[in-house]
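Asker: Have a look at this one before I ask anything.
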Amino acid sequence: MKQYLELMQKVLDEGTQKNDRTGTGTLSIFGHQMRFNLQDGFPLVTTKRCHLRSIIHELLWFLQGNTNIAYLHENNVTIWDEWADENGDLGPVYGKQWRAWPTPDGRHIDQITTVLNQLKNDPDSRRIIVSAWNVGELDKMALAPCHAFFQFYVADGKLSCQLYQRSCDVFLGLPFNIASYALLVHMMAQQCDLEVGDFVWTGGDTHLYSNHMDQTHLQLSREPRPLPKLIIKRKPESIFDYRFEDFEIEGYDPHPGIKAPVAI
């Protein structure tokens, strides 16, 4: 995960001071890309411990089309608490858009099922895309999608994915996002009988919050360790039937965790 540390250093060296929606303040750059060959290991940051339980449960929650934090709480995941209303609802965020994008005639489009069918039946298509950026429903969402748009690509029997992330909290959010989409690529590849290829991450407003600077310098002082390996213990009948117990990360030996405040 040397690329991740290089991005942190780039933001420190080249970032512009900007105000932001949260009032915290950031150092920000615009436009950055990283490529991770998933054959080389699972891209889980090793210079601090990442909470893998939260990453896995959040992705399973997205895939169920769920937008209420009750499932997350049942599994001791609190990463969405700050944005939920008194009933635990978040509005039509990621899960809703992925699984039930509304159409003008009252139907709903299941984008995940659609891209799975494309991968199986038309893998050379240039339209294998999922979008969470529904302009017509942004004002109903507790938080507008940060990781907004992703595209799959098949070549030589390998499945790759590129994500466009319009807004990226480099210290807290990005390690989660990289691991989450890498996990999704592994799951989709298994369902389509493909090998994994690359995960390409593309960031728009890529920033470090002003109250994460000490934590960033601490993390930059640490040497990355070898990447772990993801093991999927079974192949469910559907992408929607995976369970938390299906996943095992082998050889994860990170440095200690580093706490930092969330900008809301």
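These residue numbers are counts, starting from 1, taken along the chain as shown.
Each Cβ is built from the backbone N, Cα and C atoms, and glycine gets one as well.
Worth saying up front: this structure is predicted, and the values here are computed from it rather than measured.
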Asker: Of the candidates R21, R35, which does Swiss-Prot annotate as part of the dUMP site that also includes R126, R127, R166, S167, C168, D169, N177, H207, L208, Y209?
Answerer: R21
Asker: Measuring C-alpha to C-alpha, could you say which of the recorded positions H51, C146, A263 are within 10 Å of R21 (dUMP binding site)?
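Answerer: Those close enough are A263.
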Asker: Using a 10 Å cut-off, grab the number of neighbouring Cβ atoms around the Cβ of D169 (dUMP binding site), all chains included.
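Answerer: D169 (dUMP binding site) is surrounded by 23 other Cβ atoms within 10 Å.
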Asker: For the dUMP binding residues given in the record (R21, R126, R127, R166, S167, C168, D169, N177, H207, L208, Y209), what is the largest pairwise C-alpha separation in angstrom?
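Answerer: Taking every pair among R21, R126, R127, R166, S167, C168, D169, N177, H207, L208, Y209, the longest Cα gap is 36 Å.
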Asker: Return only the integer: C-alpha distance in Å from H207 (dUMP binding site) to A263 ((6R)-5,10-methylene-5,6,7,8-tetrahydrofolate binding site).
Answerer: 12
Asker: For the binding-site residues R21, R127, Y209, which one has its C-beta crowded by the most other C-beta atoms within 10 angstroms?
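Answerer: Neighbour-count leader: Y209.
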